[in-house]
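Worksheet for the structure shown next.
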Amino acid sequence: MDKSQGVLLSSNVGAGSRPWPELLGSAHWDGLLDPLDLTLRRLILLCGDLCQVTYDSFNSDSHSKYCGTCRFSRSTLLDRTQFPAAGDLSVAAYLYATSDATAFPGSMVYSMSREAWSKESNWIGYVAVSNDAAAAASGQRVIYVAWRGTIRSLEWVDVLKPDLVDHDDILPEGHPGRGRSRVMKGWYLIYSSTDERSPFSKYSARDQMLAAVRELVARYRNESLGVVCTGHSLGASLATLCAFDIVVNGVSKVGDGAHIPVTAVVFGSPQIGNPEFKKQFEEQPNLRALHVRNMPDLIPLYPSGLLGYANVGKTLQVDSKKSPYVKRDTSPGDYHNLQGILHTVAGWNGKDGEFKLQVKRSVALVNKSSGFLKDSNLVPESWWVERNKGMVLGQNGEWQLEGPAEENLPVPPVVTGKIIDDDVAAVATSSSAKEDKKTGKGSKLLSGLIDQLLCVPDTCKAGAA
């Protein structure tokens, strides 16, 4: 990855550049999308790379006892995944989710081992914050919430029921959306479900996220603050819900003062809720959403207005077919692949402009979890893999799956009391890291179309959904 992108949080933001409020959508990105502003382009890519971290670090091997976990500790996550701005951010909290397997097929993966770390929970994302050096250079302390998308192929779309449910449980008393605003059941269950059987899901992913963000807002209340929620595919839906939740429940309010800006920057997002949810979202004065959509990608059309859904926020539409580096005849999953979208953003010069990379970004990243690049680029398909798929030769001469080092073992989240320990707080303030329901009516209206258009090979890897 392009390590120079790390300067986004320092020299590229501030004097002579777009101020943070504009980047976070204070003016709804008017004049910044066409042509695409360079600093906004870098911010979008940074958010996309934060999403990619969730794919690159997730253990999806069902043979492993630790399937469903993050492979790395909070203190090493960004470095081990070669995140380009690792020196500017510190990971403050991990998020874990649970859900009924029938609510969202493919969203959770579990170990086949009897000694599995958990049979109920999956790692679903993380909360990070800019450190002192980056905050001082940019004049803005930014809290990032990154949500993981699905690991399975796009076949989930064919079996997922697009039922709409109310989300009154997360709306404050007296909120005008109570009983009217509805979101897809699958997204909502992953976001809000708990399972007492698992120490990782005694609190919902929502509760874990709110506790972490609330703590960071309180810690940095005297600084210029912003919150960015980001995700791809399923993660985009969770990020949109998350941003809305932070605002309507007052987590973005600093004491008795004004609300800080909260922005969802999402990629390849399915539709989240009904027109009332859209209305309630867009009426919040400090809440924005920017959806980066690849035009040939079909997922953002799902479930569709025919089933009672509406798009939320502003859309930056790009078209990967303009890139000379990628295949023209490819599977639908490639158009939805996160790295394919980020590659297109890096070279996007408008629908009438010629594709030309505007920032230094390796073309090889496109094939990180796909075969989207033309063979003439000489980049192997799906090249981001664990060495020997995690197999090691033991002293007894037997090959076996290697477990994580002690510092990388999953640790249950703490939500009550002080949720960010002193070591992690020190990391956040240092430029060098230390150790850290009501169901609506579903519909099969789209099933025939989906059968035809989303027939994705089983070889679809992480980042394709």
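Heads up, the Cβ atoms here are built off N, Cα and C, so glycines get one too.
As the structure is a computational prediction, the values presented were derived from the model and not from experiment.
As recorded in Swiss-Prot, the features of this protein are as follows:
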ACT_SITE  SER233  active site, acyl-ester intermediate
ACT_SITE  SER233  active site, charge relay system
ACT_SITE  ASP297  active site, charge relay system
ACT_SITE  HIS336  active site, charge relay system
Cα-to-Cα gap, the residue listed as 'active site, acyl-ester intermediate' vs ASP297 (active site, charge relay system), nearest whole Å: 11
Sparsest-packed among the active-site residues, when each Cβ's other Cβ atoms within 10 Å are tallied, from SER233, ASP297, HIS336: ASP297
Distance from ASP297 (active site, charge relay system) back to HIS336 (active site, charge relay system), taken between C-alpha atoms, in Å: 5
Where HIS336 (active site, charge relay system) falls in three-state DSSP terms: helix
